[in-house]
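See structure below.
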Amino acid sequence: MRWVGGWAWRVGGAVGVVWLVGVALLAPPAPSPSSSDPHLSQRLHRAVQELDVLKKQNDDIRQVLHDFTMQVKSLNSGDQGGGGGGGIGGVVAGIQQGGGNPAVVAELQKKLEHAQRMLQQADVTAERPPDFVPSLEFEQTRRLVDRGVQESWWFLADQLQQLRKKVESYPDLTSHIDQILEEGSDHTRVLQFDMSRLSQLDGLGTWREQEALDLSSVVQKRLHTLQNPQDCEKARKLVCNLNKGCGYGCQIHHVVYCLIVAYGSKRTLVLKSRGWRYNKAGWEDVFQPLSDTCTDPSGYSHSHWPGSNETQVLDLPIIDTLSQRPPYLPLAIPRDISERLMRLHGDPAAWWVGQFLKYLLKLQPKTQEMLDNMSESLGFQRPIVGIHVRRTDKVGTEAAYHSINEYMAHVENYYTKLQLNNPTLTKRVYLASDDPTVITEAQKKFPEYTFIGDSNIAKTASVATRYTDASLKGIIADVHFLSLTDYLVCTFSSQVCRIAYEIMQGYHPDASSYFRSLDDIYYYGGQNAHNQKARFPHVPRRPDELALNPRDVVGIAGNHWDGYSKGVNRRTNQNGLYPSYKMEEVVDIADFPSYTHTDKRKSGT
Ligand SMILES: Nc1nc2c(ncn2[C@@H]2O[C@H](COP(=O)(O)OP(=O)(O)OP(=O)(O)O)[C@@H](O)[C@H]2O)c(=O)[nH]1
Ligand SMILES: *[C@@H]1O[C@H](CO)[C@@H](O)[C@H](O)[C@H]1NC(C)=O
Ligand SMILES: *[C@@H]1O[C@H](CO)[C@@H](O)[C@H](O)[C@H]1NC(C)=O
């Protein structure tokens, strides 16, 4: 059924274009057109407008347009062959009849080329009417296969590396292993390439893009309504202080947590930020205020969290000291959008947090201008991979040292995959770090790459000058540009990279796999338990492995990126390693207050 429908629609679309162009040029039969013929240009304009409407098209239409443009081109260059019959031939005949006025033809050609560009931008495989919706199970299974392909290669590659160490003194064996590693990673890349094509086929890509826009606008509208109550004097409020004693990433996550609690308790968030350690003038010196109408923290009753439902103003402590933790803290997502979100996205919690960042980090015009200027002077251009190298105070205390070569191995793998399709692309890397020597080292060691980044920014990020205006601008810029890359290579132990990853989710329908972390999996500081569930039994093969029954819940501590993850089996309380490929994510779905009232309102009210 679906196939017949899709096919009929394709043909219908192609016929429609021919018809439109035909109508524009032939009806009523064109008299001798001149460059000032208003009817012809009007009709052309209308046809192009209709073409724009029809931009979710397919190869048939593009072929028609292509042929048409080619014929117009040949006409323009004096080669007036062809013509006769209906359709395109008729159109060409129509122009010939008019003597092929060069100005008109040139105009026509320009417009058609524009239409063709519009069509090319439309999803290559958008062959289905947009009301097609895949099932939750289909999308989840597709992503399981994606992850399975990745996990099985991580497993095999790591096992082969271990084997290689054991046979180091036999060069014929090690070179054979090296060859398997090389060809194996090529197999994996091709598989992944095809998987990503599959994820776009049959209208899935178009559906996903529309669904991401729809879901985001639901959430943004709810936040906007929450933050702009009708009567600020009577509104229930949550007050949050931007004075957490930590870095920018940690402080932004603090504000996100405040806004999540505000959303979860249906209170308007009021942010106190005067005297912020990064900028004494406060939040609004760089970002837009959280509300257009309600930024006053006063009220008739006031108490500390949790207070009571009736208390008008509540002060919220930092997440680390929060008592009576509500169920809706990260990694929870709201029940009312959970099914749609789990179908759309491979990491619903990161998407959800990303939506809060989208609401919060609206730039002041001068911040925007600074970023625009930087984008231009740096020559920021996609495709581009983002690397974040967290060094200085973090190394040795909270995270291990990772050499630039480690990051670059993953960048290289990413570009080798892209080159399957485009062998001549420029390999660009946006490099952010709090260590200014990293960028010069990278440029020297990897001359075939174009590194984009500013070592002056890294200088301001040094511990001595970290809490200054200049440093704030630098970290805002680094996070911004990292989030705009196509793929992130970094350490998720750093909040800087996790924020970039979260923001990135707002720029793509599902960017949950657009990263490679050298250490942690994605997490949110102060989060509730992160669990996975076994889909298949597992009998331990080594003493440090967990035994699993189907449906066992495992609290995940980390992925070792070698086929194994580490965690605790909640049934047996056993700690240890378990095979990642046998697991699925348990999404934490929490009851948030209802926002159906907001959803029903027309936007802008
Ligand atoms: N401009 C810039 N600043 C950075 C970079 N990496 C770290 N910093 C600075 O160092 C701070 C690190 O603190 P956080 O943002 O909390 O991130 P974190 O890496 O989790 O670090 P800790 O809080 O120390 O665990 C950032 O906020 C920046 O001020 C970078 O790549 N670029
Ligand atoms: C809390 O108060 C609000 C407004 O006063 C009211 O609409 C809501 O029903 C109350 N919720 C509970 C759980 O009492
Ligand atoms: C951006 O560049 C323009 C033109 O070079 C300049 O006038 C302006 O001051 C710059 N803005 C910022 C915020 O740096």
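Cβ coordinates come from backbone N, Cα and C, glycine included.
Here TrEMBL flags 1-16 as signal peptide.
The transmembrane segment annotation in TrEMBL covers 7-27.
Residue density at CYS294 (disulfide bond): 21 other Cβ atoms are found within 10 A of its Cβ, drawing on all protein chains shown. What TrEMBL lists as disulfide bond is CYS232-CYS294 (among others).
According to TrEMBL, the feature domain 'GT23' maps to 234-518.
Long-range Cβ contacts of CYS240 (disulfide bond) within its own chain (separation 6+, distance under 8 Å): HIS254, VAL255, CYS258, ALA262, LEU269, VAL270, LEU271, LYS272, LEU316. According to TrEMBL, the feature disulfide bond maps to CYS240-CYS258 (among others).
Sequence-distant contacts of CYS250 (disulfide bond), defined as residues of its own chain at least six apart whose C-beta falls under 8 angstroms from its C-beta, comprise LYS244, GLN495, GLY525. Under the three-state DSSP scheme, CYS250 (disulfide bond) falls in the helix class. The disulfide bond annotation in TrEMBL covers CYS246-CYS250 (among others).
DSSP assigns CYS490 (disulfide bond) to a strand in the three-state reduction. Annotated disulfide bond per TrEMBL: CYS490-CYS497 (among others), in sequence order.
Taking the domain 'SH3' (527-588) as a whole, pLDDT averages 97 in the prediction. For 527-588, the entry in TrEMBL reads domain 'SH3'.
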Chain-internal residues near CYS497 (disulfide bond), provided their CB is under 8 angstroms and they sit 6+ positions away: HIS388, ARG390, LEU482, LEU488, CYS490, THR491, SER517
Entries of CYS246, CYS250, CYS258, CYS490, CYS497 (disulfide-bonded residues) sitting next to ligand 1, with Cβ under 6 Å as the cut-off: CYS246, CYS250
For CYS232 (disulfide bond), nearby residues of its own chain (Cβ under 8 Å, 6 or more apart in sequence): THR268, THR293, CYS294, ASP296
Number of helical, extended and coil residues in the domain 'SH3' (527-588), per DSSP: 3 helix, 28 strand, 31 coil
Residue among the disulfide-bonded residues CYS246, CYS490 whose Cβ has the most other Cβ atoms within 10 Å: CYS490
Secondary structure at CYS240 (disulfide bond), reduced by DSSP to three states: strand
